[in-house]
Amino acid sequence: MGSSMPPPHVRAWYSYAFAAEVFSACALAIFLPITLEQMAREVGYYAPELTETCVINDSSSDVTGRLCKARILGVWIDTASFSMYVKSIAVACQAICIISIGPLADIAYWRKRLLLTFAYSGSLSGILFLLFPPLPYAWTPIMAAILNIVGNATYSTSIVCSNAFLPGLAKEDVDVQKAWEEATSEGLQDGLRDVHEDTDEENTGSVSREDEATHLLPDRLIPAVCAISTQDLALSDPLAKLIEPSNAKKHYESRLSLTTSRLSSTGTAIGFFSGVSVLTLLLIPVTALGGSTFSMRLAIGLSGVWWALFTVPTCIGLPGGAPGHGSDFSASQVKKAWVKIGKMVAPKQIHQLPNLYIFLLAWIFLSDGFHTTTYAAILYASSVLSMSAPKIILVGILVQLAAVVSSVLVPRVQRRLSTTSSKPVTNYKVLLAGVVAAAFIPVYTCAGLVLPFGGLRSEEEMYVLAVWFGLVFGPFLSYSRAVYAELIPPGHESTFFSLFAFTDKSASFIGPAAVGLISDLTGNIRYGFLFLLVMLVVPIPVLGRVAVERGRREAVEWAERSRKEMSDERV
C-alpha cells in the first residue's frame, strides 16, 4: 500500500499527535493535579486550628491524614478539593470551547490557523510554569489554576482541529485514489462527488444537509472518533454482519473507511508511545529533585516545550486553506453550533430512538465516573497516602500500559469465547462486564470507612488498583463506542457520533466538582469515592435496559423514515 514512508501531509499530522499527547499524558493527567494540590498546600494550614503550616509529602504518622486547607479567593478550601474544583471548571470550559469552535474548524481556511493558535497557546500555558517564583505566594495557586484551565481548553480544541484534517488525508492515499478512479470510470461520479471532495460546503459521507445542521462537532472530526477501535470492534461482534462491497462505489467507500481507521489508529499509537516514553523519562528529574513542587513545574514546562517543538513539523507540513467562501468569521457561526445541540436532544428524537438515548444516559454517568476516578485516585495517593511524585508517575504508567494490554487482549478473548460457546459474547456483554468490574474500585476504597484493614490504605494497594483500573478502562472506551455504533441509524453516523463526543465532554465536569465538595465538607476525600460508587453503579441497571437488537431495528426505521421525509420535501 503506497510507499514505505507516509506522505508529507500524513507525517505532519502524525507529528502533532507526537507533540500534543505528551502534554495530555504528562501535564494534564499526572503533574497538574499534583502541582495544584501542592501549591495550595504550600500556602495552607492544618485544620481546624489553621495555625500550623502544611507539609508536602510527609508520611509521618502525626501528619498523615490531617486536613490541609488554603485560603483561596477569600475562602478556606481543602487543598485536594481545590484541584478537583479547577478540574471541573477546566472541563466545563473545554466543552464550551469544543462546541463553539466546531464550525470554524470545519472550514479549511481556519483549520490550520486555529490548530497552531491553540497549540502554541497551550504549550505556552505549560512553559509559564517554569517562571513561577521559588517561594510560595497566595496568588500562585490561582495563577496555576488559570494556566491549567487554559491548557485543558487549548489542548482539546487543538485536537478538534487536528482531527478535522483526517478525512482529507485519507482521500490523498494512493489506494483510495485508485478506488476513486475505478468508481468514476463506471460513471458513479455524481454519487461519489460529495464523498470524495473535501469542501467546506458539503458534508462527508451520505448525510443530508438537514442532518448536517444537527452536527455538534466538525464533520471531519467524526471519522477519527469512529475509527479508534470502534469499527473493528463493531464488525467483530458475532451478531454484526459484514457486508462486502458489491461494486466500485462500495469498494471506494470501504477503502476510504479503512484508510481513515488506519491513519487514526496509527496516530493514536504514536501519541501513546510519545506520552508514555516522555512520562517515563520525566521520572528522572522528578526523582532527582525529590518530588518537590519545582520538579512538578519543571515537568509541566518541559511538556509544554515538547508540545511547541514538535508542532513545528505540523506547522510546515500540513496544508493551509486559502481564503474563500466561509473564511470570514461571524458570531452567528458560534450561535448555530449551540442551536444544533437543542435539535439533537429534541423529545421527538428521543421517542423514536429510545435505546440509543438510554445508552447515552448511562454513558453520561459512566464517562464522568471513569474520568473522575482517575483524577481522584491521583489526589488520594498524594494527599492521603502521601505517595511521592515518582510513585504517582509510576501509577499513571501502570494504568496506561494495562489499558493498552487489555485493549488488545479483550477482543481476542471475546472472539475465542464466541467460537467455543453456544452463545456469542457480544460487545454489549463485554461492556456490561467491564462496568461491573470498574465498580469494584470505589467499593474497595469505601470499605476503608468501615473496615480496620484494606480499603486502599497502602501504596501496594494503589499499584494493584491502578493495574485493575487500566485493564478495565481500555476496553470500556473501545466497547462503549462499539455498542453505540450498533445503535446509530445507517447513513447518519457523523451526526450521532458528534452527540456521543459532546456528552462525553459536557457532563464530565460534574464528578470533579461533586468529589471536591464532598471532600471539602467531610475533610476526607475517601468519602468522595461514595459518590463515584453511585456514578458507576446507578448506570448499570440503566445500561441493562438497552436492547441492542431492538435498537438496531429502531435505527433502521429511523433512517428509512428520514429518507422518506426528505423525498417528500423534494417533491
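Cβ coordinates are placed from backbone N, Cα and C, and glycine is handled just like the others.
These figures come from a predicted structure and were not determined experimentally.
When the ranges 149-169, 212-232 are checked against Swiss-Prot, the one recorded as transmembrane segment is 149-169. Between the transmembrane segment (127-147) and the transmembrane segment (498-518) there are fewer than 3 Cβ pairs closer than 8 Å, counting only residues 6 or more apart in sequence, so the two stretches are not in contact. When Cβ distances are compared across the two stretches, the transmembrane segment (149-169) makes contact with the transmembrane segment (16-36), since 3 or more pairs at least 6 residues apart fall below 8 angstroms. Contact counts against the transmembrane segment (358-378), taken as Cβ pairs under 8 Å, peak for 463-483 among the stretches 298-318, 390-410, 463-483.
Relative to the transmembrane segment (89-109), the listed stretch 498-518 leads the set 430-450, 463-483, 498-518 in CB pairs under 8 A.
Sequence-distant contacts of the transmembrane segment (16-36) (same chain, at least 6 residues past either end, Cβ-Cβ under 8 Å): 82-83, 86-87, 115, 119, 122-123, 126, 129, 141, 144-145, 148, 151-152, 155, 158-159, 162, 267-268, 270-272, 274-276, 278-279, 282, 293, 296-297, 299-300, 303-304, 306-311, 314, 318, 374-375, 378-379, 382, 389, 392-393, 396, 400. Packing against the transmembrane segment (269-289) from elsewhere in the chain are residues 14, 17-22, 24-26, 30-31, 295-296, 298-299, 302-303, 306, 389-390, 393-394, 396-397, 400-401, 404: each is 6 or more residues past its ends and has a CB under 8 Å from a CB in it.
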